[in-house]
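First the structure, in the form of C-alpha cells, and then the observations on it.
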Amino acid sequence: MFPKIFLTAATALLSAKSTFAQTYSSCNPLFTTGCPANTALGKSIDVDFTSGSVNSFDGSGDITYDSNGASFTVAKSGDAPTLSSIFYIMFGKVQITMKAAPGAGIVSTLVLQSDDLDEIDMEWLGADDTEVQTNYFGKGKVTDYNRGAFNPAANNQGEFITYTIEWTSEQVVWSVGSTVVRVLTPATADTDQYPQSPMQIKFGAWSGGDSSNAAGTISWARGPTDYSNGPFTMVVQSIDVSDYSTGTQYKYGDQSGDWTSIEAIGGSVNGNVPASASSIQTAGAAAVTSSSPTIPAGINNGNSATRTGYPWVAGTQTVSEVTWSTGPSIPSGWEISSEGKIVPVSASPINISRINPLLLCGPFTFFFFAAIRRWP
C-alpha cells in the first residue's frame, strides 16, 4: 500500500493533467479586450527528449520517444505530430537539436507564435537536406509572403544539428550550429511587422505537399507528397528555452501589440536578459526567396495554423479572423522544473540559522534553561 502522501500527490498530478487538457481558449488581443493572460515561463529550461516526454509540452499526433529523442512521424494524409509549450516567453532564446524529416512535400517546423499572431519560424523542406527556411510575420499580416529566406543547413536530415532563434526587442537572430545565418531588426522588418508579443513554442512535422492543400502550398513544400515512400520522421533530441522576462503571466495592456504595452505579472519584461543578448549582430539579413506569393493568403488559416499553414489543418478563415489558442495553464501550486517537467512547488528549505541551538542539545538542557527563563 502506498503512503497517503504519495496517493495525494498522484491525485494532484492527475488533476493537473486534466487542467492541462481543459483550459484552452482562443482570443486575439488586437480585436478583443479582456483576453486571458499567458502563462509565463519566466526562467530557463533544458529538455532532454532522450529521457522521454515532459508535461510542459502538450503533444498531439504520432510522437514516440527513445534514446534518439522525440520522433514525429508523418505516415498518411492528415498526420501533423506536434509538441506545443504550455508556457509563453517574452523575448528569449530557443535552441533545438534535431534531424529534419526527409521526403518531398514533408515539412519539419519550429514556430514561435503569439496570441496576436506575431510569428518567428524555421522550416526544413524534406525535398532538400541542405537548407532551412527562416521567416517572420507580425500581427498575422502575410501581405505577399515576401519575408521567407533560405539559409544553408547542410545534411540536416542525416545528423543532429542545433538551431537557435534568439529574440529581443532589438533583433531576431537565426543560427545554424554556431553560425548566424540571418538577422532581423525593427528597422529592417516590414512596417509594424517586427514580432514583439509573448510567444508560445510549437514544433513538429506535417505534409505541405498533401493533395488536399492549395497548389501554392504544395509548390512551396516541393511536393506532392508520396506517402508510399514513407513514413517520414523528424527527430528532436532536445530543446532549451530561456525566457528573457520574469513573472508568472504575461498580459496585453492594450490593443497595440507593442512590446512596451505587455505587462509581466509578478516580474518584469526584459528582467532576465543576458549581457550577450545586448550586442547587435553584424550578419546581414538573408535575401528573400521571392517577391511574389508562394502560399495564397487565406489558405490553412485555422485557429491553430501559422502563416505558412502549420500545423496542417484545412481551413477557410481570412487572416483578420484568425485567433490563436492560448494553451493550457499551470495549476496553482505547481511549477516548471529546469528539466521542463511540471512538478509541485517545493517547500521552502529550513533555515538552520533561525533555530535556537538549545533545540539541538537534547530535552534536559532545553527544559533547564526554560525553567530559569534565561537563554544563551
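In case you wondered, yes, glycine gets a Cβ from its N, Cα and C as well.
Residues annotated as active site, nucleophile in Swiss-Prot: E119. Secondary structure from DSSP puts E119 (active site, nucleophile) in a beta strand.
E123 (active site, proton donor): 23 other CB atoms within 10 A of its CB, across all protein chains. Under the heading active site, proton donor, Swiss-Prot lists E123, citing a curator's inference as support.
The number of other Cβ atoms within 10 Å of the Cβ belonging to K202 (chitin binding site), over all protein chains shown, comes to 22. The feature chitin binding site is assigned by Swiss-Prot to E123, K202, W206, T217, with similarity to another entry given as support.
DSSP classifies C35 (disulfide bond) as coil under the three-state reduction. What Swiss-Prot records for C27-C35 is disulfide bond.
Taken from Swiss-Prot, the feature domain 'GH16' applies to 22-229, supported by sequence analysis.
The N-linked glycosylation site annotation in Swiss-Prot covers N351.
Positions annotated as GPI-anchor amidated serine by Swiss-Prot, on the basis of sequence analysis: S346. Within 10 Å of the Cβ of S346 (GPI-anchor amidated serine) there are 8 other Cβ atoms, across all protein chains.
The annotation signal peptide is assigned in Swiss-Prot to 1-21 on the grounds of sequence analysis.
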According to DSSP, folded down to helix, strand and coil, what is S346 (GPI-anchor amidated serine)?
coil
T217 (chitin binding site) and C27 (disulfide bond), distance between Cα atoms, whole Å:
27
Taking Cα atoms as reference points, which of the recorded positions C35, E119, E123, S346 is nearest to W206 (chitin binding site)?
E123
How many other Cβ atoms are found within 10 Å of the Cβ atom of E119 (active site, nucleophile), counting all protein chains shown?
23
Cβ atoms near W206 (chitin binding site) (within 10 Å, other residues, all chains):
33
Taking every pair from E123, K202, W206, T217, which the record gives as binding chitin, the longest CA to CA distance in angstrom is 20
